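TrEMBL annotations:
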type     : residues : note
REGION   : 24-46    : region 'Disordered'
TRANSMEM : 77-95    : transmembrane segment
TRANSMEM : 101-122  : transmembrane segment
TRANSMEM : 213-233  : transmembrane segment
TRANSMEM : 239-258  : transmembrane segment
TRANSMEM : 316-344  : transmembrane segment
TRANSMEM : 350-369  : transmembrane segment
TRANSMEM : 424-448  : transmembrane segment
TRANSMEM : 454-474  : transmembrane segment
REGION   : 508-537  : region 'Disordered'
Amino acid sequence: MTFPSAWQKCKDFISPAKQSIRAAAISQTSHPEPKNAAGRPSSNDKREPILITTKDVISKPRRNILDIVTKAAGSNWVFVAMMAIMLAWVIFGFVDGTTDTWQIVMQNASSIQVYLTGILLLRQASNASNSLLTTLAELQSRNQISERLLRQLSSCQSMETHKSPAQKLLKDDKPIESNADDILFTSSGGDISKARYLWNITCKTVARGLGSIWAYILYWIGIFFWVGIGPLFQFSDTWQLHVNTATAVALTFASIFLQNIQQQQEDNLEQSLEYALRVDSEVEWRLGAITNDYRPNPVFEIPAPTINRIERSIDIFADVMGSGVGLLITLIVTIVWIAVGPILEFNDNWWLIIGTFTGLVGFIDGFVLRNVYYRDEKVAEAQFEKIAESDDRLLDLLNVPSPHQTPTKPRNFSTRAFAAAGEFCALSGVSVASVDVVFALLAIASIMKWSETGQLLCNIPTMIIEGFLLLILIQAHNIANAARGADFQSLLNHRLLLNHYVCELSENSNRSSSPHPQNPDEKSVDNTDYYPIDDKDNDIKTSVYQIANRV
């Protein structure tokens, strides 16, 4: 028997290997109680149900302080506060003059902020992935129990639904398929305020602009313009400071904006999936009442993805930087930087040191973050496809055609080109190459004895590429958000149809004097939630909010 080495133990402690996601949806059961108890017979001689939930079996870890800080950092208030600070810096420059110190202060502050935001983005990505996969496992858990219960019903096969064409669902007199982009923040179970709606629309518009090929072109035009005016400034340190300041401002805005829209997406998707779980719980309760089968939901397991050594190394770096260890490293470096201040007499060279450190590490963070996003997105995409297959099996048991799906819009050339650049930056080898670039820059700075020019050579190339990477990350967010909107649209359509036809089974069972209980406060699903638009089509209108309120 071989025991792990000390290094292996340390590595597993700092960055445990990814584990399988295990979860079981909360079971919905009912049973009759003695007279004068909560489940006593009602006035219509039917027993009122008592919902009993089993213990929630999930793999989702408890939130700690860093998770709370991560969520708060993506809030709208933090975004507005950071924009106010940047505005104050601009005003101070107009009043006091755009000195070198004024520029270096901005560069250092931006480097530290982007570095810390990178840590929080890594944490945010990890939390979002675990939360999403856990919820998907809960949905699969309930799908398994629904499939088992449906197979017990012989009446399913006698339904004539297979003679109908594929159904199309409508919400607010508009097909759900027509507003897939907005579904993540309009299907979470309630009306949103006008301010929230305008904020969402504004953020989505800005994200589309920053994630477009035109933003990419304008960014590099600005860089080449700066290179072109180099001879006018004799390629001096001031000339280098100008581009450093410009990229610092761009990095600060893009990183804070990315964190904000990522948190919005996570919150909206979580609320939307919770809504789908509520619809699922009603389906489970109805099927349990018909079959008198109240066994707990099974635990569903999503296996951990298979990764190679390079990807494992990237995960270790991401886990270290996206944890308290990363913050501890930052604290130690900051203390050392402050301690050497008197030795360097707090000159411009001293001011650049902290910016150089955070800039180089942030440069690696950008590539690691893109790689992590890409792999997490592939895992989520595969799980959504499996849920779609499972949903189709459930509808097939009811002889119900799958709902109409909106065809994917073909991408234009510019979108494909930008997406290809994003996929290239997501390669594991590119993340490794970024580390090699950092070591090469460190060697050059050491040869130049860490002078102001040497440090600017470390800062400028990394900040320029990091700014481009943030545009890539915003574009990747746009693609992922559109994909999740389409996935949830399909998931919601399937569940609303399933709920509708299970309600039919429940009503047929009650009309046959079934002894199983039914909630007397329930409204008829055919009158409240679904009804044909006219005799010539089979579109079904749904009231999402009425279902949510009833559940």
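A Cβ is built for glycine as well, from the same backbone N, Cα and C atoms used for every other residue.
With a cut-off of 8 Å on Cβ pairs spaced 6 or more residues apart, the transmembrane segment (239-258) and the transmembrane segment (454-474) reach 3 or more such pairs and are scored as touching.
Counted as Cβ pairs under 8 Å, contacts with the transmembrane segment (350-369) are highest for 101-122 among 77-95, 101-122, 213-233, 424-448, 454-474.
In this chain, the transmembrane segment (316-344) lies close to the transmembrane segment (101-122): three or more C-beta pairs between them fall below 8 angstroms, excluding pairs fewer than 6 positions apart.
Sequence-remote contacts of a segment are chain residues at least 6 beyond its ends whose Cβ falls under 8 Å from one of its Cβ atoms, and for the transmembrane segment (77-95) they are 102, 105-106, 113, 249, 252-253, 256-257, 259-260.
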